[in-house]
Amino acid sequence: MAGDDLVFAVNGEKFEVLSVNPSTTLLEFLRSNTCFKSVKLSCGEGGCGACIVILSKYDPVLDQVEEYSINSCLTLLCSLNGCSITTSDGLGNTEKGFHPIHKRFAGFHASQCGFCTPGMCISLYSALSKAHNSQSSPDYLTALAAEKSIAGNLCRCTGYRPIADACKSFASDVDIEDLGFNSFWRKGESREEMLKKLPPYNPEKDLITFPDFLKEKIKCQHNVLDQTRYHWSTPGSVAELQEILATTNPGKDRGLIKLVVGNTGTGYYKEEKQYGRYIDISHIPEMSMIKKDDREIEIGAVVTISKVIDALMEENTSAYVFKKIGVHMEKVANHFIRNSGSIGGNLVMAQSKSFPSDITTLLLAADASVHMINAGRHEKLRMGEYLVSPPILDTKTVLLKVHIPRWIASSTTGLLFETYRAALRPIGSALPYINAAFLAVVSHDASSSGIIVDKCRLAFGSYGGYHSIRAREVEDFLTGKILSHSVLYEAVRLLKGIIVPSIDTSYSEYKKSLAVGFLFDFLYPLIESGSWDSEGKHIDGHIDPTICLPLLSSAQQVFESKEYHPVGEAIIKFGAEMQASGEAVYVDDIPSLPHCLHGAFIYSTKPLAWIKSVGFSGNVTPIGVLAVITFKDIPEVGQNIGYITMFGTGLLFADEVTISAGQIIALVVADTQKHADMAAHLAVVEYDSRNIGTPVLSVEDAVKRSSLFEVPPEYQPEPVGDISKGMAEADRKIRSVELRLGSQYFFYMETQTALALPDEDNCLVVYSSTQAPEFTQTVIATCLGIPEHNVRVITRRVGGGFGGKAIKSMPVATACALAAKKMQRPVRIYVNRKTDMIMAGGRHPLKITYSVGFRSDGKLTALDLNLFIDAGSDVDVSLVMPQNIMNSLRKYDWGALSFDIKVCKTNLPSRTSLRAPGEVQGSYIAESIIENVASSLKMDVDVVRRINLHTYESLRKFYKQAAGEPDEYTLPLLWDKLEVSADFRRRAESVKEFNRCNIWRKRGISRVPIIHLVIHRPTPGKVSILNDGSVAVEVAGIEVGQGLWTKVQQMVAYGLGMIKCEGSDDLLERIRLLQTDTLSMSQSSYTAGSTTSENCCEAVRLCCGILVERLRPTMNQILENARSVTWDMLIQQANAQSVDLSARTFYKPESSSAEYLNYGVGASEVEVDLVTGRTEIIRSDIIYDCGKSLNPAVDLGQIEGAFVQGIGFFMYEEYTTNENGLVNEEGTWDYKIPTIDTIPKQFNVQILNSGHHKNRVLSSKASGEPPLLVAASVHCATRSAIREARKQYLSWNCIDDDHRERCDLGFELPVPATMPVVKQLCGLESIEKYLEWKTYP
């Protein structure tokens, strides 16, 4: 083995790579060159955690191994020479046995679609390893550390609660009885019994072994790669680095050299150019050391942020400035980015590219300095000087060290240091709206007993300026002054003139307000108390939200039924352990055949324009590109079709005209996915907007220009009652109120993906991550002009769908098939996250105007609505929206209900179905109206809601046959039960008391009901008993994480168990679900609408009934000559008698049970921080009528996951477009779904086991979509808290109580209620008003 070869290990296996492109990432190598596919590509920018691995490094001097988690999507392969990598399937797998982490994730039902689970497991393992190796408390993993271990990991399915429980089960300080519902023990068992049933974990036996062959290599060699073959240099000293840099021709080679440490910067600044040489500077001792003395801490520039934090936190209590900096730095990015990213890299990005850095702000406040070298000349600059110096754009200037001085107070003065940041996620993985760090030396004024500011440093950053700054005018003003309300008021006014975001900065006024709030929080407690505390005091005794306590214990109440054993039992999800280990196969995990090609989409950036040409800059074809496929490449016998629905079809490629930004124009086909993506990025599309008209970019424009889709009569909802009579009966009316609801992105962890294989006789096999294989088959066949039997579409499992893998997956699979047919080679497409977000469309935005009539007691009499639905450029499934919206809005007895609904055709991205499409909007509209009515009447909104809940008679009036029988209407029961179980009345009073006692924090509590109509669809199923008695099952539904396979497996075991022979009660482990294959399972329709699991279960139950009847004669014959019969004996004899052991049915629901209503109630308590607008969900309680659950564990997961996805819609997720209709949000940096630190702190879910559904599938009900609607309780509680803040704000304007109540009317809380939105409604100038009120009462 040559010493200059790239050698490393993966899961103990040796890999020797003789030549590789230095830009190759570890993720690319693992997925393309190894069998280890547990590392998943989801975001490609270090923001989701799906690609996490453990990196182990050996130090031959200390004979120690260091291990930590890293992003494989950003880590360059060449930087891993001599390292060992461990993936989730390296921790454990099917062959060697699963790791305790895998087993506990499965047992706590913490994996649904499974795409994120391997990364979650690695993050937890990393935390366990760190705890084991800790010097202070080995083997002691706290519950807080367990939860924080997954703070950088995203999950769209579970809602995080079961994941948190799985993680906390390893914590030493957790009360095991507080852990959530699981399959290890049942309620009532002793603590000792519970502990025995947990899969045991022994850290001593669980250590990753660093391979001996790597140890020997490291001991014997310098471990430097051949620079010629790898274009990779690894200097061992600063002098050697200077020598390498000096050989570079500044003119010819400028920009071709890249300095590398962790390569994490490419997650934010995407790499768009080819580098000729990479220099790994992470091995230079002078840049890798941390030195401490009495004056300062000196930190090498390549030291990772994690190691900087450790060094700062190790300091004694007297150096609390260091500790404060360390605590704040734990909020930077996520733990795996901090493990790789260096402090120097962060500072250089901030200085040269205006990266919104927290670290520069911290160091600026602490008066840090940097040590740099340029062409042999050393230079030391203070942080302020460094930031304003000319940007470091060349590779000749290198940052060597950072110096942070020690700050120690004298005996007569106090030293104060505090840091701040406002971000959508409290503990990281989100850039701040603004950050700040303040240092002050203070002393007592003997004459006034006040506090004098002797010295201060006030630093602000990330607000939209070029870099972090000091507010010197404010510092000068405060220095020497005795703090008072008037002094602070003037300081705040000065500060607002300093914090001036650039013109194109979003939320500029909000950011100014935050700066004011931070300064107020720093200084105001000193005024109030007249004393200081080195640990820092906060207004209202406020605890820094980033110093998080672990989630409170949550409660899940479920009922496991034995009536239909094993149906109704909470068995572990089928394949959950394989999902955790990463062995579960998704489309992109299928190995590529030789000569496989890859595709990437070129999309439009214009909403309406002629397409003149598609090419590349300078007419130079990028490396690796073999073809660019457009509509012109569709066979003459085919059609330019990309999708099909019951309402029509849509284009695969834009032909001569693009009708929306984000529309597919072409497909680049290249030899690798990286080359395809890079080529698509470099593509140049020439447009011509002449003689084509003005694009329609709003619903108002659409209505004005009559650009509307016509809704078929059968999809038009019917009005209820006489609206004129209803309005006449009203004592009060609210007229012409306008609401708007934005869009939402699916954020499935697995983006759109497909693999197409040309087959013999003009056939194709297409693997597609789709919810609609049969529709996909039809579209491909139509596009290519071949019979459908020539197209075989296969789907095994989908890494999250939520509706986005239904219609929107079809053009991806179709383009892939077209390319495969044209090139006569396998082609695969894995759409990158940015392109996926731009093309996805997402949830339908709405504009609503309404007028409502009601009596003085709160009873509604009439509602008149005008709805404008933005469908985008294509019809898709938008014509179901009117019916869906009205179905959920009818949950209240409106008296009379009329509406005018327009489905608008715009030149915006085509919208599609997203979990609870239309229903979540309709339910929210109802709540907004109820809130407005209650506010108008000065009534408790909870009372108004209860008054207007349906009686059974009004329910029948609004829902007709779907209402079912009277005993099926459980909503009033749920409403009353939740009041007791959630302690709603007492907590409502506690909220009032809290609001009376706190100025800068307000709480709200709200309870909302939901009604959600679902429809059963005809569904096929097939059950085959094989020779050995094992069972193969095929169903039309797709496993997208909803537990469909598990429920079907249970149903087959129940159905075949009716034969009642020995072994028939234990069939569950002998049943296997097969992947969906359109040539095997026809008429499969699509997976959507929450009832697919029920439909498939009923289809296989009917199959089992047929098989049982076929087997009974054989069983009776055996029993004539034997006392008993075993399952194996029965099947063996049936085979001998040529009994048909395969049954296929087509379940067609009866009209009496084809549609039914789902009921639920949710209550949430929310706290709002008036300084920042941050919301915290204190507690959420849900009671949901699931009928007789087919699997309570699965349904519980669906309820929690849907609720948290709803929180995202109502509170966090902004999915907007620019002036051309192109999506603004492009990835994890700017689109924020909920994370572990944003879910309810206490999360209680109860499944009502109602037995009133005998005509349903074993009395079960749907759980996938309805609970999402309950998340409106969070939004309504936030509205309540804001209302209290607004009342207080008005009091500071010296408005009397009566007038204040009148002024409180008319505010609407937009969706999503993000921090800037909440803060604006609470008052952007609330602090100024408060100080003015205190100064000039």
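From the backbone N, Cα and C atoms, a Cβ is placed for every residue, glycine too.
Summarising the annotation, Swiss-Prot assigns domain '2Fe-2S ferredoxin-type' to 4-91.
Sequence-distant contacts of Cys51 ([2Fe-2S] cluster 1 binding site), defined as residues of its own chain at least six apart whose C-beta falls under 8 angstroms from its C-beta, comprise Leu27, Val39, Lys40, Leu41, Ser42, Asn71, Ser72, Cys73, Gly119. What Swiss-Prot lists as [2Fe-2S] cluster 1 binding site is Cys43, Cys48, Cys51, Cys73.
The feature [2Fe-2S] cluster 2 binding site is assigned by Swiss-Prot to Cys113, Cys116, Cys155, Cys157. Around Cys113 ([2Fe-2S] cluster 2 binding site), taking its Cβ as the centre, 27 other Cβ atoms fall within 10 Å, counting all chains.
Summarising the annotation, Swiss-Prot assigns domain 'FAD-binding PCMH-type' to 225-409.
Per Swiss-Prot, FAD binding site is recorded for 259-266, 342-346, Asp358, Leu399, and the stated evidence type is similarity to another entry. Note on Gly265 (FAD binding site): other Cβ atoms within 10 Å of its Cβ, all shown chains, come to 22.
The Cβ of Gln771 (Mo-molybdopterin binding site) lies under 8 Å from the Cβ of Val798, Gly801, Gly803, Lys805, Ala806, Ser809, Ile1038, Val1040, Tyr1086, Thr1087, Ala1088, each on the same chain and at least six residues away in sequence. Among the features that Swiss-Prot reports, Mo-molybdopterin binding site is placed at Gln771, Phe802, Arg915.
DSSP assigns Glu1265 (active site, proton acceptor) to coil in the three-state reduction, outside any helix or strand. Within the same chain, residues at least six positions away from Glu1265 (active site, proton acceptor) with a Cβ under 8 Å of its Cβ are Arg915, Ala916, Glu919, His1012, Val1014, Gly1089, Ser1090, Ala1202. What Swiss-Prot records for Glu1265 is active site, proton acceptor.
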Most Cβ neighbours inside 10 Å, all chains, among the binding-site residues Cys43, Cys157, Leu259, Val261: Cys157
Whole-number Å value for how far Cys48 ([2Fe-2S] cluster 1 binding site) lies from Cys116 ([2Fe-2S] cluster 2 binding site) (Cα to Cα): 8
Longest CA-CA distance among Gln771, Phe802, Arg915, per record bound to Mo-molybdopterin, angstrom: 13
Neighbouring C-beta atoms (10 Å sphere around the C-beta of Gly344 (FAD binding site)): 24
Shortest C-alpha distance to Val261 (FAD binding site) - which of the binding-site residues Cys43, Cys113, Cys157: Cys43
Length of the line joining the Cα atoms of Leu399 (FAD binding site) and Cys113 ([2Fe-2S] cluster 2 binding site), in Å: 44
Around the Cβ of Asn263 (FAD binding site), the count of other Cβ atoms that are within 10 Å: 24
Helix, strand and coil totals (DSSP H, G, I; E, B; other) for the domain '2Fe-2S ferredoxin-type' (4-91): 16 helix, 31 strand, 41 coil
Cα-to-Cα gap, Gly265 (FAD binding site) vs Cys43 ([2Fe-2S] cluster 1 binding site), nearest whole Å: 14
Mean per-residue pLDDT computed across the domain '2Fe-2S ferredoxin-type' (4-91): 96
Cα-nearest neighbour of Leu259 (FAD binding site) within the listed binding-site residues, Cys48, Cys157, Phe802: Cys48
